[in-house]
Amino acid sequence: MAAVETANDKALRYAFGNVLCFFILLLIGVLAFSIRLFSVIKYESVIHEFDPYFNYRVTQFLTKNGIYDFWNWFDDRTWYPLGRVIGGTVYPGLTLTAGTLWWILNSLNIPLSVETVCVFTAPIFSAFAAWATYFLTKEVKGTGAGLTAAALLAMVPSYISRSVAGSYDNEAVAIFALIFTFYLYIKTLNTGSLFYATLNAIAYFYMVCSWGGYTFIINLIPMHALLCIVTGRYSPRLYIAYCPLVVLGTLLAALVPVVGFNAVLTSEHFASFLVFIIIHVVALAYYIKGILSPKMFKVAVTLVVTVGVVVCCGVIAVLVALVASSPTKGWSGRSLSLLDPTYASKYIPIIASVSEHQPPTWPSYFMDINVLAFLVPAGIVACFLPLSDASSFVILYIVTSVYFSGVMVRLMLVLAPAACIMSGIALSEAFGVFTRSIKFQLPGVSQSHQIDAEDTGSEPSGGVIGNDIVKTDRHDEPVKERPLRRNKKKDKENIEKASKSSMKSKIEKRLLVLPLETSIIALLLLVLLGAFYVVHCVWAAAEAYSAPSIVLTSHSHDGLHVFDDFREAYAWLSHNTDVDDKVASWWDYGYQTTAMANRTVIVDNNTWNNTHIATVGTAMSSPEKAAWEIFNSLDVKYVLVVFGGLVGYSSDDINKFLWMVRIGGGVFPHIKESDYLRDGQYRIDSQATPTMLNCLMYKLSYYRFADTDGGKAFDKVRRTEIGKKHIRLTHFEEVFTTHHWMVRLYKLKPPKNRIRSKTKKSKSKSSSTTNLKRSGTGKKNPWH
């Protein structure tokens, strides 16, 4: 009876725990969603940054024209005169997700605009990511660690930076897909279920649709499978977890137009195929071992390994032959930048020019993951006690993500879930030790535990868990009816084993008991650490990562100042220029110009054509006349320049000018970076080189700048007076400058009458020049 009552109590406690866990997860989801709404509360419901504007424009097209027109959409408003095939060059996961949400809401008569759905997509999926983190960590170390990790991920600043309301970028849904794919892999690894293996392949397909970072998954999982094989942890569950993912996942990935046959032809995917062959060789060896004698097994293993090595060598030879013709050996530029951090700065300046592709500093780690950086080592140690397939996977995950985040600051986003999982495990284990220590040393609790131990020891079944007790009693009923000596002997042995195991577990728990005062102080310190983490995360969400880049603010002694110059400039372009006019700017502003001004741009943030970007960089780096010829050959009507010298906006085009020179010089050799340097530095003051003072970017940025402060022309970003104050334009005219001078628009002047310009010269020279120009032989190449 006592055993049945104990089983009922434990069943009731288990049900209450499940209900409590459900409500905690619900609160974690609400927290993850609400902490990302500061951008809407403090500013307005608006799309942030640059790339999200392209995603928003594509989503608008999808909801208006349908899925078939979306796949076949040729966008002639970007990369003029080349254009862009949107359906074949975009990761469609984010767009299809937001479009589906919009369709469902409108089907339910909830009339939300496409922009509103796009703004709130990231906060919604951050809640999903927190729940996926719970399930993943629960498979590794239990419910307590899962809840802790989910709460940490809901607030971690690194993830908030990419998932605030309005941050409509691929990472908004990709991080959820990443964590969920890892969860299903570990779930399959723990259960050996083919159902979960199929779901894992589908989740991987969603990740491929969402973000180019899917290559991290298809390399990390093969690394873990190989680690399990090398360390002797191969099992049929590993085979079921890995092989369907490679086969079905690769087939599904090839269906995504932007990936296509790259799923089997690029070097990023070759590791998965190589491990696929190895795991089949190992599986065959284990199968043969089960049906042959030891002597025959040695002969068979030798044969299998020999054939496996030959097949592997043949596959490697084929792969090498496939990629040998590529100068990058089948690797993409970003992948090579991760494997060799110096590669981009040497060979691909367009990748190195992006700020989020730079390596992080130690303060950025403390800013983005805060105290988790100190808890991660403790979590790694806890994963080794004991080491399982699931815990070895998260150890491999944290090690690889730490390396990649150290190479590229953008990949701090991949590190954040791993850091939260490890920190959740560490905090859960620490809380378990400290609370157990307090529990064992409280007077009333310790006595009740002793009584329970005596009762448990006197039970004939000797089970530790309630369910086991009930099962043992059920099996004992027929034994009482047929009291055989063999059964009695077995029961006695089972009782002795159970009592020994229970005593051993009690001794182990007793060894982990700390002094009462130490445990209480440690718990208070952990609570204080958590409070510090919460305060930092709320501050980061409210102040550091909520401000939209398109609307800037600054605080001074006379209050808050709002700089809405970007939308002011795009509105002017939209209302004062023709629909077919082409606008040239540096590639950072291409997406916003197309989405907000609805004008054709020469380059944008897709950066797929380095030569086209180098052409714009060459024009900005050239003298005015040569720049006018380049832009005129591209049918450009307006030039947009971002200038921050008046208000102190540091992300302006003068600070980006060195990349214009480097990218332009990488394609057109007549642009030499040394011509713009004085003592190895870019100078804009009186020490600037003549090439710098006469280039188009300098002139368009500082034109009429001396009129703003009585002739001083002091640049607040570079903190110096400019070298050339009185600038005269001959081929461009200023048409609009925003209120704070942050965006300046210039129009190309029409070409002069060629006949009239030659009247002062002699008739013979005039006629010969006119004939040369008419024949076209005297026309100069605008790029040289």
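Counting begins at 1 with the first residue displayed.
Quick reminder: no glycine exception, Cβ is built from N, Cα and C everywhere.
Checked against TrEMBL, the range among 392-409, 626-643 recorded as transmembrane segment is 392-409. Counting Cβ pairs under 8 Å that are 6 or more residues apart, the transmembrane segment (239-264) and the transmembrane segment (85-105) reach 3 or more and are in contact. Against the transmembrane segment (172-197), the recorded stretches 117-136, 270-288, 365-385, 392-409, 415-434 differ in Cβ pairs under 8 Å, and the greatest number is found for 117-136. Of the candidate ranges 12-35, 117-136, 203-227, 203-227 has the most C-beta pairs within less than 8 angstroms of the transmembrane segment (392-409). Fewer than three CB pairs closer than 8 A are found between the transmembrane segment (270-288) and the transmembrane segment (365-385), and contact between the two stretches is not assigned (pairs 6 or more residues apart).
For the transmembrane segment (415-434), the list of distant contacts is 129, 133, 136-137, 140-142, 144-153, 156, 158-159, 175, 178-179, 368-369, 371-373, 375-376, 378-383, 394, 397-398, 401-402, 404-405, 512, 514, 519-520, 522-523, 526, 530: same-chain residues at least six beyond its ends, Cβ to Cβ under 8 Å. Counting residues 6+ beyond its ends, the transmembrane segment (203-227) has Cβ neighbours under 8 Å at 91-94, 96-97, 170-171, 173-174, 177-178, 180-182, 184-185, 238, 241-242, 245-246, 249, 252-253, 255-256, 259, 263, 268-269, 271-272, 274-276, 278-279, 334-335, 392-393, 396-397, 400, 404, 414 in the same chain. Most Cβ pairs within less than 8 Å of the transmembrane segment (117-136), among stretches 12-35, 85-105, 511-535, belong to 12-35.
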